[in-house]
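*Asks:* Grabbed the feature section from TrEMBL, which reads as follows:
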type: ACT_SITE; residues: GLU79; note: active site, proton donor/acceptor
type: ACT_SITE; residues: CYS111; note: active site, acyl-thioester intermediate
type: ACT_SITE; residues: HIS233; note: active site, proton donor/acceptor
type: BINDING; residues: ASP29, TYR143, LYS242, ASN275; note: (3S)-3-hydroxy-3-methylglutaryl-CoA binding site
type: BINDING; residues: GLY148; note: substrate binding site
type: DOMAIN; residues: 2-164; note: domain 'Hydroxymethylglutaryl-coenzyme A synthase N-terminal'
type: DOMAIN; residues: 176-243; note: domain 'Hydroxymethylglutaryl-coenzyme A synthase C-terminal'
type: DOMAIN; residues: 257-353; note: domain 'Hydroxymethylglutaryl-coenzyme A synthase C-terminal'
Amino acid sequence: MQVGIDKIGLFTPNKYVDMVDLAHARNQDPNKFLIGIGQSEMSVADQTQDAVSMGINATMKYIDRIDKDKVGLLVLGTESGIDQSKSASLFVKTALKLKPEVRTFEVKEACFGLTAAVMIARDFVRVHPDQTAIVIGSDIARYGVNTGGEVTQGAGSVSMLIKADPKILALNDGHSAYSEDINDFWRPNASRVAMVDGKYSTQVYLDFFKKTFNDYKKQKNLETSAFDAIVYHLPFTKMGLKANRIAVEDQDQAVTENLETSFEASKQLSRRVGNIYTASLYMSLLSLLENGNLAAGSLIGLFSYGSGAMGEFYSGSLVEGYEKEIDQIKDQAMLDHRKKLTISEYEDVFNTALEDPEDGVVLESDDKEGTWYFAGTQGHVRQYKVK
Ligand code: HMG
């Protein structure tokens, strides 16, 4: 029995910053951001969007096309948690009107969180083939105004349905995992912004890629040429470009061109949305499916990296007819319809969102009708509403 991704939905908030504007404001050459980092825009979450609301909005993209009664598991990976105790997934479950029998919880290991959820869901569906699982990654990447990491911020969520006989990507058996207790990036409880040893984090990312990719190929007795595409966790697109260069360094022209072309397709969404931590790898996958022209049966490698640090490489095979399950036009429209912020507007929105609203204050969303949002707290209980 094959188990894998049957549905996928992306959500990003309705505001963005143009990297050329940001470069001018920070006295940088725009090409550093556009080429050196490889980002052209970044989505910005205002106070009304958080890990819960974005996760609901991503799942809403496909919820009407699934049998809700079959969902037996809902796992939300995030490092932008909204409570130290209660799982963000419970708020999502209520909004989605899932049955009370669903098993639901939150997982955390930096950007690896959604891959952890995918693996849990894959094994759950193997044991319970008549049930399905919803897995969500939902995050706001925050380093702070005028910091080195500012250009690598972003906000958004990817939600997927994991199911037997999937319509998009059948997940292959096996994986290669590697972990080490290091301090490349972390966020202490009292801080809304991440702390990072930026250059070190990029070296560890590449080191973990080499380890897990080589180990996976060895385990499965595969050559690099067996992969039609490799998708990467993209904290910024240049990071994936560097990993992809490593993947093709000993390959002939045909393999190199193939993996370079698919990498180009996989980075398009990330270039405009920015880092969405847990969901970034799966946004790369969606971008590849929307822009890549891959044939059914294509083998896709997935490299997941979460600071702290955890790396994992695994693979999946594209299912016949996968194109019918994605909607590039709608995703493009969501990005195109975002409001461009001036840098001072962005700084205001960003800094306001670092604080919780005073208890009892009701927040309103300026997003379009049908969007779920955080409406403030009542008696310190978070309220979620749909516009
Ligand atoms: P920086 O000091 O701003 O940048 O830090 P730089 O000076 O290293 O320059 C970046 C690149 O731009 C360089 O290219 C320059 O040559 C180039 P490279 O050597 O890398 O190929 N450059 C130019 N190119 C064209 N025209 C120009 C120009 N000027 C310079 N005029 C850094 C960059 C990424 C370190 C910083 O933004 C940062 O700390 N970001 C946050 C950390 C991060 O994203 N780390 C990624 C790996 S860790 C990870 O992926 C996990 C994470 O997602 C968190 C999680 O797991 O939860 C972050």
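Every residue gets a Cβ built from N, Cα and C, even glycine.
Note that TrEMBL annotation is computational and uncurated.
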*Asks:* For the domain 'Hydroxymethylglutaryl-coenzyme A synthase C-terminal' (257-353), provide the mean pLDDT of the predicted model.
*Replies:* 98
*Asks:* Tally of helix, strand and coil residues over the domain 'Hydroxymethylglutaryl-coenzyme A synthase C-terminal' (176-243) according to DSSP?
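*Replies:* Taking each residue of the domain 'Hydroxymethylglutaryl-coenzyme A synthase C-terminal' (176-243) in turn, the totals are 33 helix, 12 strand, 23 coil.
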*Asks:* Among the recorded positions listed here, HIS233, LYS242, whose Cβ has the fewest other Cβ atoms inside 10 Å?
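*Replies:* Among the recorded positions HIS233, LYS242, the lowest count of other Cβ atoms within 10 Å belongs to LYS242.
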*Asks:* Reported in the order helix, strand, coil, what are the DSSP residue counts of the domain 'Hydroxymethylglutaryl-coenzyme A synthase C-terminal' (257-353)?
*Replies:* 55 helix, 20 strand, 22 coil
*Asks:* Could you round the CA separation between the residue listed as 'substrate binding site' and GLU79 (active site, proton donor/acceptor) to a whole angstrom and send it over?
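*Replies:* One finds 20 Å between the Cα atoms of these residues.
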*Asks:* Need one number for the (3S)-3-hydroxy-3-methylglutaryl-CoA-binding residues ASP29, TYR143, LYS242, ASN275: the maximum pairwise CA distance in Å, whole number please.
*Replies:* 22
*Asks:* Using other CB atoms within 10 angstroms as the count, which residue among the recorded positions ASP29, GLU79 scores least?
*Replies:* ASP29
*Asks:* So of CYS111, TYR143, GLY148, ASN275, which of the recorded positions has the fewest other Cβ atoms within 10 Å around its own Cβ?
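*Replies:* Per-residue Cβ counts within 10 Å for the recorded positions CYS111, TYR143, GLY148, ASN275 bottom out at GLY148.
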*Asks:* Of the recorded positions listed here (ASP29, GLU79, TYR143, LYS242, ASN275), which is spatially closest to HIS233 (active site, proton donor/acceptor) when Cα positions are compared?
*Replies:* ASN275
*Asks:* Pop the Cα-Cα gap between GLU79 (active site, proton donor/acceptor) and TYR143 ((3S)-3-hydroxy-3-methylglutaryl-CoA binding site) into the table, whole Å please.
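*Replies:* TYR143 ((3S)-3-hydroxy-3-methylglutaryl-CoA binding site) to GLU79 (active site, proton donor/acceptor), Cα-Cα distance: 13 Å.
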*Asks:* Taking only the Cα atoms, work out how far ASN275 ((3S)-3-hydroxy-3-methylglutaryl-CoA binding site) lies from CYS111 (active site, acyl-thioester intermediate), in Å, as a whole number.
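*Replies:* Given the Cα positions, ASN275 ((3S)-3-hydroxy-3-methylglutaryl-CoA binding site) is 10 Å from CYS111 (active site, acyl-thioester intermediate).
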*Asks:* Using Cα-Cα distances with a 10 Å cut-off, which of the recorded positions ASP29, GLU79, LYS242 are near CYS111 (active site, acyl-thioester intermediate)?
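*Replies:* If one measures from the Cα of CYS111 (active site, acyl-thioester intermediate), the recorded positions that come within 10 Å are GLU79.
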*Asks:* Check the DSSP secondary structure of the residue listed as 'substrate binding site', expressed as helix, strand or coil.
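*Replies:* SS state of the residue listed as 'substrate binding site' = coil.
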*Asks:* Work out the three-state DSSP category of GLU79 (active site, proton donor/acceptor).
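*Replies:* Assignment for GLU79 (active site, proton donor/acceptor) reads coil.
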